[in-house]
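> Next up is a structure, given as structure tokens.
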């Protein structure tokens, strides 16, 4: 009998495994070193133990085929973003996730794909028949919470691109819409609800919506919800969501093919209230950090116009500051023919005056969004800015998070934000999807409460720190820590 030849373990094979870049290897050839390099390439770090390897391509994920076809063929999302690469495998494995990533990094798809996969894997009989019955029609299978109407509408619009093709009903529950509209939109069954916290609590108390079958919860921009005073509303909503014990003591675990409730949370920062929610509600979450989230944004050039003693931190209109603003806009419009500018102010009155004064100076293509504008006017303004019919959007912080407008070329802080986190969120409107962005911030001594955080942010992020900030008295009282 002839002896079997041993499997080849030549030097060439070993060299291929050790020296070839991960992009030239099949999935089963990936080594621990390859995965480390892959994570470094995409700026992915994690903690929490047993973190699944990131996604290299859409085809390597366990995504239902009809959903995968929509992602790649219909919507043409050809490559996952870093947050999608990191979060989707973890969530598909029914792991709770805390994602810390910049706004504009592709978070929406990072939580929509696992949620839709979960719904599509639900028992077919329940999905096609029982869910539409009287006892279940108003009980969504997934809930997405967002801090603002604008972000909720944006998420709804993205989710409906999938829902319309999959036969799933996605409904938004936000202020500015009548309760009767919600009742009408869920009459034949609702699969996903996208809501702001306050409005959802009202709808739950009125029994318009029930969360008895909602074992999949997503909180987007959770830190922003806390900053806006929604912590109590969040706690109330969480009390309506069924527990893992409830899941396992009923037939629901067989219907939904899960062993635990699933929660995905996305945030730009981890504050004590966020840690409290994570500890009390999430189950052994995996923490994902993308691209040094929370550090200075490398792709945004940050400029500061220091104005010395307090000149413009109130509702009074500062004409000298405005003259500088006009010069900045004029220069930017000369350098960039396809410019889009967002100007932030802290007061509604200042926003309205900015709009009028800019119009007098020839910039008629501007729109305003703030809390006193009706929902219809806000939506119209955002649509006009997104389509480039209007080149300048003037806003209070109601627009600082979540409004996804591609190719914003410049952000101007006419007034520095009162909270430092809001500064990061504001300038994060520009420089999205890897593009270069630029920001200008007017700042004076009335803003000194944020100077220490600003100095730390710039120093830790490797940015040039202005001399006036280094030498300012308010930044001398605390030693910067790495």
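Any Cβ shown, glycine's included, is placed from N, Cα and C.
Take a look at what Swiss-Prot says about it:
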BINDING   101, 102, 103, 104, 105, 106, 107, 108  ATP binding site
DOMAIN    88-288  domain 'Helicase ATP-binding'
DOMAIN    321-473  domain 'Helicase C-terminal'
MOTIF     56-85  motif 'Q motif'
MOTIF     220-223  motif 'DEAD box'
> Check the motif 'Q motif' (56-85) for me and report the mean pLDDT.
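That region's mean pLDDT is 92.
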> Per 10 Å Cβ neighbour count, which of the binding-site residues 104, 106 ranks highest?
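Within the set of binding-site residues, the most crowded position is 104.
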> Among all protein chains shown, how many Cβ atoms are found within 10 Å of the Cβ of residue 108 (ATP binding site), not counting that one?
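I get 24 for this one.
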> Please classify the secondary structure at residue 107 (ATP binding site) using three-state DSSP.
helix
> Give the helix, strand or coil assignment DSSP yields for residue 102 (ATP binding site).
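Going by the DSSP assignment, residue 102 (ATP binding site) belongs to neither helix nor strand, so it counts as coil.
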> Test of understanding: give the count of other CB atoms lying within 10 angstroms of the CB of residue 101 (ATP binding site).
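The answer is 26 other Cβ atoms.
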